[in-house]
Amino acid sequence: MSVTELFGSSEAKAATPAQTLTIRRPDDWHVHLRDGAMLKAVLPFTAAQFKRGIIMPNLVPPVTSVDAASAYRERILAARPDGNDFTPLMTCYLTDSTHPDEIERGFRDGVWAAAKLYPSGATTNSHHGVTSIPKLAPVLERMEKIGMPVLVHGEATDPAVDIFDREAVFMETEMLPLLKRHQGLKVVVEHVTTAETVELVRAHAGRAAATVTPHHLIINRTSIFQGGLRPHLYCLPVAKRERHRLALRKAVTAGDGNFFIGTDTAPHLRSAKQAECCSAGVFGGATALQTYVQVFDEEGALDHFEAFASENGARFYGLPLNEGTITLEKRPCRVSPTVAVGEEDVVIFRGGEELPWSLGEVRG
Ligand code: DOR
Ligand code: ZN
(Lines of atoms letter the chains of each structure in order from A and count residues from 1; the text may use other names and numbers.)
(Lines give C-alpha, C1' and ligand atoms only; values in the text may rest on other atoms or scores of the structure.)
(Ligands and ions follow the chains in the order given, each with its own letter.)
Protein backbone atom coordinates (compact mmCIF):
# COMPACT_ATOMS: atom_id res chain seq x y z
CA MET A 1 0.00 0.00 0.00
CA SER A 2 1.39 3.44 -0.89
CA VAL A 3 1.96 6.23 1.58
CA THR A 4 -0.87 8.17 -0.10
CA GLU A 5 -3.28 5.24 0.31
CA LEU A 6 -2.26 4.85 3.97
CA PHE A 7 -2.23 8.45 5.08
CA GLY A 8 -4.64 10.09 2.62
CA SER A 9 -3.63 12.63 0.06
CA SER A 10 -2.20 16.07 0.64
CA GLU A 11 -3.78 19.04 -1.09
CA ALA A 12 -2.75 19.47 -4.71
CA LYS A 13 0.58 21.19 -5.07
CA ALA A 14 0.05 24.95 -4.91
CA ALA A 15 1.84 27.43 -7.16
CA THR A 16 4.19 28.38 -4.32
CA PRO A 17 6.06 25.38 -2.95
CA ALA A 18 5.15 24.24 0.56
CA GLN A 19 7.52 24.87 3.45
CA THR A 20 9.45 21.66 4.04
CA LEU A 21 11.51 20.27 6.88
CA THR A 22 13.93 17.42 6.24
CA ILE A 23 15.21 15.60 9.31
CA ARG A 24 17.19 12.47 10.09
CA ARG A 25 14.80 9.49 10.21
CA PRO A 26 13.04 9.44 13.60
CA ASP A 27 12.27 6.65 16.08
CA ASP A 28 9.22 5.93 18.24
CA TRP A 29 10.40 5.00 21.74
CA HIS A 30 6.98 3.71 22.92
CA VAL A 31 4.61 1.80 20.65
CA HIS A 32 1.91 -0.85 21.09
CA LEU A 33 1.72 -2.92 17.93
CA ARG A 34 -0.41 -5.76 19.37
CA ASP A 35 -0.47 -9.00 17.36
CA GLY A 36 -2.31 -10.86 14.59
CA ALA A 37 -4.76 -8.88 12.46
CA MET A 38 -4.32 -5.73 14.55
CA LEU A 39 -0.53 -5.83 14.11
CA LYS A 40 -0.94 -6.21 10.35
CA ALA A 41 -3.35 -3.24 10.23
CA VAL A 42 -1.47 -0.74 12.40
CA LEU A 43 2.19 -1.53 11.74
CA PRO A 44 2.30 0.14 8.27
CA PHE A 45 1.54 3.54 9.84
CA THR A 46 4.36 3.31 12.36
CA ALA A 47 6.76 1.72 9.86
CA ALA A 48 6.17 4.48 7.30
CA GLN A 49 7.22 7.18 9.75
CA PHE A 50 9.77 5.65 12.09
CA LYS A 51 12.95 3.65 11.54
CA ARG A 52 12.86 1.97 14.94
CA GLY A 53 10.25 1.42 17.62
CA ILE A 54 10.41 0.33 21.23
CA ILE A 55 7.74 -2.37 21.28
CA MET A 56 5.55 -2.59 24.36
CA PRO A 57 5.25 -6.11 25.79
CA ASN A 58 1.71 -5.99 27.26
CA LEU A 59 0.30 -8.70 25.01
CA VAL A 60 -1.98 -11.42 26.35
CA PRO A 61 -0.02 -13.26 27.70
CA PRO A 62 2.72 -10.66 28.28
CA VAL A 63 6.19 -10.94 26.75
CA THR A 64 8.21 -12.06 29.76
CA SER A 65 10.86 -14.37 28.25
CA VAL A 66 13.65 -14.02 25.71
CA ASP A 67 12.06 -16.72 23.56
CA ALA A 68 8.66 -15.00 23.53
CA ALA A 69 10.29 -11.69 22.59
CA SER A 70 12.28 -13.29 19.74
CA ALA A 71 9.12 -14.91 18.38
CA TYR A 72 7.17 -11.64 18.65
CA ARG A 73 9.96 -9.78 16.88
CA GLU A 74 9.75 -12.28 14.01
CA ARG A 75 5.97 -11.74 13.74
CA ILE A 76 6.50 -7.98 13.58
CA LEU A 77 9.21 -8.30 10.92
CA ALA A 78 6.93 -10.57 8.88
CA ALA A 79 4.05 -8.06 9.12
CA ARG A 80 6.04 -5.19 7.61
CA PRO A 81 4.95 -3.95 4.20
CA ASP A 82 7.18 -5.18 1.36
CA GLY A 83 10.51 -3.39 1.25
CA ASN A 84 10.03 -1.65 4.59
CA ASP A 85 13.05 -1.54 6.92
CA PHE A 86 11.35 -0.82 10.28
CA THR A 87 13.35 -2.29 13.18
CA PRO A 88 11.44 -3.44 16.29
CA LEU A 89 13.34 -3.06 19.57
CA MET A 90 11.92 -5.52 22.07
CA THR A 91 11.16 -5.05 25.76
CA CYS A 92 10.72 -7.43 28.67
CA TYR A 93 7.53 -7.18 30.72
CA LEU A 94 8.70 -7.20 34.33
CA THR A 95 6.79 -9.31 36.86
CA ASP A 96 7.32 -10.24 40.49
CA SER A 97 9.14 -13.35 39.31
CA THR A 98 11.42 -11.88 36.62
CA HIS A 99 14.91 -13.35 37.05
CA PRO A 100 17.96 -11.08 36.68
CA ASP A 101 19.73 -13.77 34.58
CA GLU A 102 16.93 -13.82 32.00
CA ILE A 103 17.15 -10.03 31.79
CA GLU A 104 20.91 -10.10 31.29
CA ARG A 105 20.81 -12.98 28.79
CA GLY A 106 18.26 -11.23 26.56
CA PHE A 107 20.10 -7.91 26.73
CA ARG A 108 23.50 -9.42 25.94
CA ASP A 109 22.01 -11.44 23.07
CA GLY A 110 20.57 -8.24 21.59
CA VAL A 111 16.93 -9.32 22.05
CA TRP A 112 15.89 -6.89 24.76
CA ALA A 113 16.56 -3.18 24.34
CA ALA A 114 14.93 -2.39 27.69
CA ALA A 115 12.45 -3.68 30.27
CA LYS A 116 9.01 -2.27 30.99
CA LEU A 117 7.83 -1.77 34.54
CA TYR A 118 4.05 -1.78 34.84
CA PRO A 119 2.85 -1.37 38.40
CA SER A 120 0.33 -4.20 38.67
CA GLY A 121 -3.14 -2.99 37.75
CA ALA A 122 -2.06 0.47 36.55
CA THR A 123 -3.26 0.08 32.96
CA THR A 124 -4.25 -2.24 30.08
CA ASN A 125 -2.92 -5.81 30.54
CA SER A 126 -0.82 -4.84 33.52
CA HIS A 127 -2.21 -7.28 36.08
CA HIS A 128 0.86 -9.51 35.71
CA GLY A 129 2.99 -6.45 36.51
CA VAL A 130 5.05 -5.60 39.56
CA THR A 131 3.33 -5.48 42.95
CA SER A 132 6.34 -4.15 44.89
CA ILE A 133 9.02 -2.03 43.21
CA PRO A 134 11.41 -2.25 46.20
CA LYS A 135 11.30 -6.06 45.87
CA LEU A 136 12.39 -5.74 42.23
CA ALA A 137 15.78 -4.45 43.44
CA PRO A 138 17.84 -7.50 42.30
CA VAL A 139 16.50 -7.10 38.75
CA LEU A 140 17.02 -3.32 38.72
CA GLU A 141 20.53 -3.70 40.16
CA ARG A 142 21.42 -6.08 37.35
CA MET A 143 19.99 -3.68 34.78
CA GLU A 144 21.99 -0.86 36.32
CA LYS A 145 25.13 -2.99 36.06
CA ILE A 146 24.64 -3.89 32.39
CA GLY A 147 23.35 -0.46 31.31
CA MET A 148 19.85 -1.60 30.37
CA PRO A 149 17.11 1.06 30.66
CA VAL A 150 13.93 0.52 32.66
CA LEU A 151 10.81 2.08 31.17
CA VAL A 152 8.29 3.02 33.82
CA HIS A 153 4.53 3.44 33.63
CA GLY A 154 4.35 6.01 36.40
CA GLU A 155 0.93 5.78 38.01
CA ALA A 156 -0.16 4.82 41.52
CA THR A 157 -2.36 1.74 41.58
CA ASP A 158 -4.37 2.35 44.76
CA PRO A 159 -7.92 2.76 43.42
CA ALA A 160 -8.58 5.27 46.20
CA VAL A 161 -6.14 7.72 44.61
CA ASP A 162 -7.94 10.16 42.31
CA ILE A 163 -7.21 9.20 38.70
CA PHE A 164 -5.91 12.69 37.90
CA ASP A 165 -3.42 12.46 40.80
CA ARG A 166 -2.06 8.98 40.10
CA GLU A 167 1.04 10.14 38.24
CA ALA A 168 1.89 12.76 40.87
CA VAL A 169 1.45 10.27 43.72
CA PHE A 170 3.57 7.65 41.96
CA MET A 171 6.39 10.12 41.38
CA GLU A 172 6.54 10.96 45.09
CA THR A 173 6.00 7.51 46.54
CA GLU A 174 7.75 5.25 44.00
CA MET A 175 9.80 7.12 41.41
CA LEU A 176 11.86 9.33 43.71
CA PRO A 177 12.75 6.41 46.02
CA LEU A 178 13.63 4.27 42.97
CA LEU A 179 15.95 6.97 41.61
CA LYS A 180 17.54 7.25 45.02
CA ARG A 181 18.06 3.49 45.40
CA HIS A 182 19.44 2.99 41.88
CA GLN A 183 21.60 6.00 41.15
CA GLY A 184 23.23 4.50 38.05
CA LEU A 185 20.05 3.08 36.48
CA LYS A 186 18.79 4.57 33.20
CA VAL A 187 15.10 5.35 33.71
CA VAL A 188 12.60 6.44 31.09
CA VAL A 189 9.52 8.02 32.62
CA GLU A 190 7.02 7.03 29.97
CA HIS A 191 4.29 9.32 28.64
CA VAL A 192 4.75 12.20 31.10
CA THR A 193 1.59 14.19 31.66
CA THR A 194 2.32 16.76 34.37
CA ALA A 195 4.43 19.89 34.82
CA GLU A 196 5.82 18.41 38.05
CA THR A 197 6.99 15.21 36.35
CA VAL A 198 8.74 17.32 33.71
CA GLU A 199 10.66 19.01 36.55
CA LEU A 200 11.47 15.68 38.18
CA VAL A 201 12.96 14.42 34.91
CA ARG A 202 14.99 17.59 34.49
CA ALA A 203 16.28 17.29 38.04
CA HIS A 204 17.66 13.82 37.18
CA ALA A 205 18.98 14.69 33.73
CA GLY A 206 21.47 12.22 32.35
CA ARG A 207 20.01 9.16 34.09
CA ALA A 208 16.31 9.92 33.66
CA ALA A 209 14.50 10.91 30.49
CA ALA A 210 10.90 11.00 29.34
CA THR A 211 8.73 10.21 26.38
CA VAL A 212 5.87 12.52 25.43
CA THR A 213 2.89 11.43 23.33
CA PRO A 214 1.29 13.46 20.53
CA HIS A 215 -2.12 13.35 22.21
CA HIS A 216 -0.89 14.78 25.51
CA LEU A 217 0.44 17.76 23.54
CA ILE A 218 -2.96 18.34 21.91
CA ILE A 219 -5.69 17.44 24.41
CA ASN A 220 -6.33 18.28 28.04
CA ARG A 221 -8.74 16.62 30.44
CA THR A 222 -11.61 18.82 29.33
CA SER A 223 -11.21 17.54 25.75
CA ILE A 224 -12.31 14.10 26.98
CA PHE A 225 -15.69 15.58 27.89
CA GLN A 226 -16.08 18.10 25.03
CA GLY A 227 -19.78 18.02 24.08
CA GLY A 228 -20.13 14.55 25.62
CA LEU A 229 -17.87 11.68 26.58
CA ARG A 230 -15.12 11.01 24.01
CA PRO A 231 -13.97 7.43 24.51
CA HIS A 232 -11.30 7.63 21.82
CA LEU A 233 -9.47 10.29 23.84
CA TYR A 234 -9.35 8.17 26.97
CA CYS A 235 -5.93 6.77 27.76
CA LEU A 236 -3.67 6.20 30.75
CA PRO A 237 -2.20 8.28 32.13
CA VAL A 238 -5.34 10.31 31.52
CA ALA A 239 -4.83 13.80 30.07
CA LYS A 240 -4.47 16.47 32.75
CA ARG A 241 -5.34 20.18 33.12
CA GLU A 242 -4.44 22.75 30.48
CA ARG A 243 -1.48 24.05 32.49
CA HIS A 244 0.12 20.62 32.23
CA ARG A 245 -0.42 20.39 28.48
CA LEU A 246 1.26 23.77 28.10
CA ALA A 247 4.18 22.62 30.27
CA LEU A 248 4.63 19.52 28.10
CA ARG A 249 4.66 21.65 24.95
CA LYS A 250 7.29 23.91 26.49
CA ALA A 251 9.39 20.95 27.65
CA VAL A 252 9.57 19.24 24.27
CA THR A 253 10.13 22.40 22.25
CA ALA A 254 12.79 23.92 24.53
CA GLY A 255 15.63 21.91 23.00
CA ASP A 256 16.07 19.89 26.19
CA GLY A 257 17.74 16.53 25.43
CA ASN A 258 15.82 14.67 28.17
CA PHE A 259 12.63 14.43 26.12
CA PHE A 260 11.91 12.37 23.03
CA ILE A 261 9.14 10.82 20.95
CA GLY A 262 7.11 8.01 22.44
CA THR A 263 3.72 7.98 20.75
CA ASP A 264 2.15 5.38 23.07
CA THR A 265 0.02 4.56 20.04
CA ALA A 266 -2.39 2.05 21.60
CA PRO A 267 -5.03 0.73 19.22
CA HIS A 268 -8.22 -0.85 20.50
CA LEU A 269 -11.14 -2.00 18.37
CA ARG A 270 -14.02 0.45 18.25
CA SER A 271 -16.15 -2.08 20.13
CA ALA A 272 -13.69 -2.02 23.05
CA LYS A 273 -13.68 1.80 23.11
CA GLN A 274 -17.41 2.46 22.62
CA ALA A 275 -18.27 0.08 25.42
CA GLU A 276 -19.73 -0.16 28.88
CA CYS A 277 -16.15 -0.10 30.20
CA CYS A 278 -13.95 1.67 27.64
CA SER A 279 -10.39 0.38 27.20
CA ALA A 280 -7.61 2.92 27.74
CA GLY A 281 -5.59 3.88 24.70
CA VAL A 282 -5.38 6.44 21.91
CA PHE A 283 -4.44 5.26 18.43
CA GLY A 284 -2.10 8.09 17.50
CA GLY A 285 0.28 6.13 15.30
CA ALA A 286 -1.19 7.31 12.00
CA THR A 287 -0.92 11.03 12.72
CA ALA A 288 2.06 11.12 15.06
CA LEU A 289 4.80 12.94 13.16
CA GLN A 290 2.29 15.30 11.57
CA THR A 291 1.07 16.21 15.07
CA TYR A 292 4.50 16.58 16.68
CA VAL A 293 5.80 18.81 13.88
CA GLN A 294 2.66 20.94 14.08
CA VAL A 295 3.31 21.50 17.80
CA PHE A 296 6.93 22.54 17.16
CA ASP A 297 5.75 24.84 14.37
CA GLU A 298 3.09 26.45 16.58
CA GLU A 299 5.66 26.97 19.33
CA GLY A 300 8.15 28.52 16.90
CA ALA A 301 10.65 25.74 17.57
CA LEU A 302 11.08 23.83 14.31
CA ASP A 303 14.83 24.15 14.77
CA HIS A 304 14.54 21.85 17.81
CA PHE A 305 12.36 19.24 16.13
CA GLU A 306 15.08 16.98 14.75
CA ALA A 307 16.73 16.50 18.15
CA PHE A 308 13.41 15.57 19.79
CA ALA A 309 12.37 13.26 16.95
CA SER A 310 15.62 11.65 15.87
CA GLU A 311 18.49 12.20 18.29
CA ASN A 312 17.60 12.47 22.00
CA GLY A 313 16.10 8.99 22.32
CA ALA A 314 18.91 7.18 20.52
CA ARG A 315 21.50 9.03 22.60
CA PHE A 316 19.73 8.10 25.84
CA TYR A 317 19.50 4.43 24.85
CA GLY A 318 23.12 4.47 23.64
CA LEU A 319 22.11 3.47 20.11
CA PRO A 320 23.44 4.89 16.82
CA LEU A 321 21.55 7.69 15.12
CA ASN A 322 19.66 6.61 12.01
CA GLU A 323 20.95 7.23 8.54
CA GLY A 324 18.56 8.61 5.96
CA THR A 325 15.96 11.35 6.11
CA ILE A 326 12.24 12.04 6.09
CA THR A 327 10.76 15.23 4.72
CA LEU A 328 7.73 16.88 6.31
CA GLU A 329 5.72 19.34 4.26
CA LYS A 330 3.55 22.18 5.48
CA ARG A 331 0.73 21.21 3.17
CA PRO A 332 -2.74 20.37 4.57
CA CYS A 333 -3.75 16.72 4.52
CA ARG A 334 -6.47 14.50 5.88
CA VAL A 335 -5.69 11.07 7.24
CA SER A 336 -8.54 8.56 7.09
CA PRO A 337 -10.83 8.61 10.18
CA THR A 338 -10.42 4.89 10.79
CA VAL A 339 -8.41 1.82 9.89
CA ALA A 340 -10.15 -1.50 9.20
CA VAL A 341 -9.22 -4.54 11.28
CA GLY A 342 -11.12 -7.63 10.09
CA GLU A 343 -14.82 -6.85 10.29
CA GLU A 344 -14.20 -3.96 12.67
CA ASP A 345 -12.20 -0.76 12.79
CA VAL A 346 -10.00 1.41 14.98
CA VAL A 347 -10.57 5.16 15.26
CA ILE A 348 -7.50 7.22 14.37
CA PHE A 349 -6.54 10.13 16.63
CA ARG A 350 -7.13 13.29 14.55
CA GLY A 351 -8.26 11.08 11.67
CA GLY A 352 -10.55 12.93 9.28
CA GLU A 353 -9.35 16.34 10.53
CA GLU A 354 -7.44 18.68 8.31
CA LEU A 355 -3.83 18.58 9.54
CA PRO A 356 -1.48 21.40 8.53
CA TRP A 357 1.55 19.16 7.96
CA SER A 358 1.92 16.10 5.71
CA LEU A 359 4.49 13.36 5.42
CA GLY A 360 6.83 13.63 2.44
CA GLU A 361 9.60 11.51 1.08
CA VAL A 362 11.66 9.00 3.08
CA ARG A 363 15.22 8.49 1.82
CA GLY A 364 17.77 5.94 2.84
O1 DOR B 1 -3.79 4.23 27.41
C2 DOR B 1 -3.01 3.30 27.49
N3 DOR B 1 -3.12 2.22 26.69
N4 DOR B 1 -2.04 3.34 28.42
C5 DOR B 1 -1.26 2.28 28.65
O6 DOR B 1 -0.42 2.37 29.50
C7 DOR B 1 -1.46 1.01 27.92
C8 DOR B 1 -2.10 1.23 26.64
C9 DOR B 1 -2.62 -0.03 26.00
O10 DOR B 1 -1.91 -1.02 25.95
O11 DOR B 1 -3.73 0.01 25.48
ZN1 ZN C 1 1.98 2.45 26.46
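Each position is counted from 1, following the chain as shown.
Glycine residues also receive a Cβ, built from the backbone N, Cα and C atoms like all the rest.
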Candidates H99, H153, H204, the one TrEMBL lists with K116, H191 as binding Zn(2+) 2 | H153
Check TrEMBL for me: it has H30, H32, K116 binding Zn(2+) 1, so pick out which one of D264, D297, D303 it puts in that same site.
-> D264
Of A47, A69, A280, which one shares the substrate site with H32, L33, R34, N58, H153, L236, H268 in TrEMBL?
-> A280
Sparsest Cβ environment (other Cβ within 10 Å) among binding-site residues H30, H32, R34, H191, H268 belongs to R34
With respect to ligand 2, which members of the binding-site residues R34, H153, L236, D264 satisfy a Cβ distance under 6 angstroms to one of its atoms?
-> D264
D264 (Zn(2+) 1 binding site) versus L236 (substrate binding site) - Cα distance in angstrom | 10
Within 10 Å of H153 (substrate binding site) (Cα basis), scanning binding-site residues H30, H32, K116, H191, D264, I find K116, H191
